[in-house]
Amino acid sequence: MSQPSSSEYLRGAIYGLATVCIWVFWIVAARLGLRTSLTPSDITAIRCGVSGLILLPYLLKVGVPVGRLGGPGLAAIVLGGGAPMVLVAYGGLQFAPAAHAASLFTALIPLLVAILAAVVLGEAFTLSRQIGLALIVTGALLIVGGAGGTIGSRQNIGHAMFIGAAMLWACYTVAMRKARMDGLHAAAIAAVGSLVVYVPVYAVMPGANLLNAPWRDVALQVLVQGFLTPIVSYWLYGRAVSILGASNGSAFAALSPAVTALVSVPLLGEWPATGDWIAIFLISGGVYVASGGLVPVRPTGH
């Protein structure tokens, strides 16, 4: 794709940063929810049920572009942006703290998207992007192999689930970009697809606890998981990707580790270890380098 102008880049950056803010709070809200009687499957049902019902009229109006997506693309949208991805991510929060989720889920997305975008979309894998993504990987490895606990611990179960969720989201991003879909349209397909497939299965699952949970606990998840995250943030994320490209658009998502770590201290009582802060610094620096700074420098002349 052509290089965006400085004003376009700034607009895309605003969309990306707004997405990060919502992603921070979905992680924190999910972590809070899992401290109540709610389970990952309960919170996933809230997310799929609420967002699916809200977006169903819109999807009925615009339809599903099967021709543009193809079978693999449609599967990537539903699996990567719907119930499977969020169920894996919420499951990881049972084992590892919020800052690790932000570092190993959102921070690995730029790496995985850049690799897929280079292969599928032909986007350039520039030197600055390689350096930035190397910093992101180094920070992630610090969490997994050092600050995150010994290999094989329960925390590393969560780490593996976060990485799996990031892989699914990367597939969603590249499929959306390849089909030239806007964020709301892709979000509607993911949400309604999950409503149709996951919610009926959840309704007959043993241990489904949603109807017995306190309404205050459910209300918070309805707002954050059912509306802000799968609708508002998906639209914002889609706008960032459409302006900046799949790799640069997703790079802003990796800013969330630092913000999540700071927010987790007062809201969750989770204090990152020294190694975690080093990893967060590396990841945030990697994002800046990979995305080329806030305003790209355009070459002059021919």
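Cβ atoms here come from the backbone N, Cα and C positions, even for glycine.
Any TrEMBL annotation is an automated prediction that lacks curation.
Features as listed in TrEMBL:
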DOMAIN    11-144  domain 'EamA'
TRANSMEM  12-32  transmembrane segment
TRANSMEM  44-60  transmembrane segment
TRANSMEM  72-93  transmembrane segment
TRANSMEM  99-121  transmembrane segment
TRANSMEM  133-151  transmembrane segment
TRANSMEM  157-175  transmembrane segment
DOMAIN    157-291  domain 'EamA'
TRANSMEM  187-206  transmembrane segment
TRANSMEM  218-237  transmembrane segment
TRANSMEM  249-271  transmembrane segment
TRANSMEM  277-297  transmembrane segment
Within-chain partners of the transmembrane segment (12-32) [C-beta distance under 8 Å, separation at least 6 from its ends]: 4, 43, 89-90, 93, 97-98, 101-102, 105-106, 220-221, 224-225, 228-229, 232-233, 236-237, 239-240, 243-244, 248-249, 251-253, 255-256, 259-260, 263-264, 267-268, 294
Model confidence over the domain 'EamA' (11-144), averaged pLDDT: 91
Non-local residues, at least 6 beyond the ends, that sit with Cβ under 8 Å of the transmembrane segment (218-237): 15-16, 18-19, 22-23, 25-26, 29-30, 32-33, 38, 43, 46-47, 49-51, 54-55, 81, 86, 182-184, 186-187, 190-191, 210, 249-250, 253
